[in-house]
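Data first, discussion second: the structure below is written as structure tokens.
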């Protein structure tokens, strides 16, 4: 039996709602979200499967003007994700209006030459008139647009219609992944992302963006507990102090929230061992960015 299947890359500036859209489609949290820009650093394949289709959503870092080497690699990963896919889902933020960054992303999307669906997000915040103005501007800059949609990813409004349009545009093809698989990323990656999400939720200003989480060890203990040891890298001693908190209060809070979500993910008890370490200017160092964080897998 043939199904509709293929790869759909999400493109847009930071904090436009790409990860929220994917989680809404999946009906569960697969990728981390926060209200801060540049939460997503790596390219992540999220796999949606139903009785007549399999859609592999390629969630990418937001395209922005990079301020450091990490940012350069993030943008490179996002741009490269648009190549070799069946569709691009170009997302915009209605509340922001059509910005210079949106214009930059539109040019990149247009240059990819790939069939494009435009989704203007946050219509519940901006209102229909402002959202439609954004959608029309975006459409005027991208040649290969097949449809424009106005949605609220957070509330799930319009998400089903976008999903149905994606299915309509995808070719018939094979089932690429088992039907119970929701991402192609390993547990170590998911664990690091969950820890990083809690840091984004609980800290402010430059601290979350200056943080890298590296899983050093995952092993089963004889008592059935899953042991996970992670290093959290920051760039300055002051950031380390904030992450640890008074009498260890902040790192304990991060650890508790991350552990609870990890236990839900793996379905058993987890012992989470977190260590905060200083690596000065790690965002400028290729080895950490490419090897430790894993962006080398996103850049061909």
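Positions of Cβ are set from backbone N, Cα and C atoms, glycine also.
Here is what Swiss-Prot says about this protein:
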type    : residues              : note
DOMAIN  : 4-172                 : domain 'Era-type G'
BINDING : 12-19, 59-63, 121-124 : GTP binding site
REGION  : 12-19                 : region 'G1'
REGION  : 38-42                 : region 'G2'
REGION  : 59-62                 : region 'G3'
DOMAIN  : 195-280               : domain 'KH type-2'
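Taking DSSP states H, G and I as helix and E and B as strand, the region 'G1' (12-19) has 2 helix, 0 strand, 6 coil. Here the binding-site residues are 15, 60, and the one whose Cβ sees the fewest other Cβ atoms within 10 Å is 15. DSSP assigns residue 60 (GTP binding site) to coil in the three-state reduction, placing it in neither a helix nor a strand.
Across the domain 'KH type-2' (195-280), DSSP assigns 40 helix, 27 strand, 19 coil.
A simple way to gauge crowding: the CB of residue 123 (GTP binding site) has 24 other CB atoms within 10 angstroms, across all the protein chains here.
The binding-site residues 12, 18 differ in how many other CB atoms lie within 10 Å of their CB, and the one with the most is 18.
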